[in-house]
């Protein structure tokens, strides 16, 4: 499943295609959304916001299209009039004079009014987004030490969108490798230096990934600046200590780590 950096890149692509352009056609597959089609004709996308793995597509009339791709949803950008050859089921079409964005296969799609943005179950539950430029290491440190999260093992905590939105499995293992910790640690047990390093890594690594690499290809190491240090590298040498990277399972997900330098 794509993680925060890949979701933000998808949002960037959607914005680049249609932001600010009047919508000439709008189509929704779900009956409960049909009534909004006419309300959006002539409107434009003001911006596309990411909240973890959810996208919020905002319009000037106050409406916001909420979509969560879950496992199978995917957005595509096409030239207007082009009909992609695909077996996927179309859910949403937002068309402008020259570009059209299409959402396929997703099932979690809603139209929200301003007051619903603060009461929507997912948006209420999800934590601060790691790619939010206003989120600081100090705030992350406060969350790590809060009663809600300080007793949680990192193996599960770093996958919990209520802690920080946008983290996922490859970010989990890369962050813990960066700070030299295993997944069984808890924030309450860290010393000040470890806590500070973790708070910074929780923001720096997702932002570095977003800035310097594209979609995740779990079978290849990219030539971009960001590259995996341990993810999908079991059996290889750790570049930091020369130990052998191992693979196990933590919180029901594959976990990659180096026993030589992660303690």
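Keep in mind that glycine also has a Cβ here, set from the backbone N, Cα and C atoms.
In the three-state DSSP assignment, the secondary structure recorded for residue 2 (active site, schiff-base intermediate with DNA) is coil. Note on residue 2 (active site, schiff-base intermediate with DNA): other Cβ atoms within 10 Å of its Cβ, all shown chains, come to 18. Here Swiss-Prot flags 2 as active site, schiff-base intermediate with DNA.
According to Swiss-Prot, the active site, proton donor annotation covers 3 (among others).
DSSP classifies residue 53 (active site, proton donor) as coil under the three-state reduction. Look at Swiss-Prot and you will find 53 (among others) tagged as active site, proton donor, backed by sequence analysis.
The Cβ neighbour count for residue 125 (DNA binding site), using a 10 Å radius and every protein chain shown, is 12. When secondary structure is read from DSSP and collapsed to three states, residue 125 (DNA binding site) falls in the helix class. Residues or ranges marked as DNA binding site by Swiss-Prot on the basis of sequence analysis: 70, 125, 169.
Counting only same-chain residues 6+ beyond the ends of the zinc finger (229-263), those with a CB under 8 A from a CB of the stretch are 155-156, 159, 169-170, 172-174, 176-178, 180-183, 218-219, 221. The feature zinc finger is assigned by Swiss-Prot to 229-263.
Of all Cβ atoms in the shown protein chains, 14 besides its own fall within 10 Å of the Cβ of residue 253 (active site, proton donor). Classification of residue 253 (active site, proton donor) by DSSP places it within a strand. Per Swiss-Prot, active site, proton donor is recorded for 253 (among others).
In this structure, 70 is the one among the binding-site residues 70, 169 with the smallest number of other Cβ atoms inside 10 Å of its Cβ. The Cα atom of residue 125 (DNA binding site) lies nearest to that of 53, taking the active-site residues 3, 53, 253 as the candidates.
Distance between Cα atoms for residue 3 (active site, proton donor) and residue 70 (DNA binding site): 11 Å, as a whole number.
Residue 253 (active site, proton donor) is 7 Å away from residue 169 (DNA binding site) when you measure Cα to Cα. Confidence in the zinc finger (229-263), given as mean pLDDT, stands at 95.
The zinc finger (229-263): residue composition by secondary structure is 0 helix, 12 strand, 23 coil, according to DSSP.
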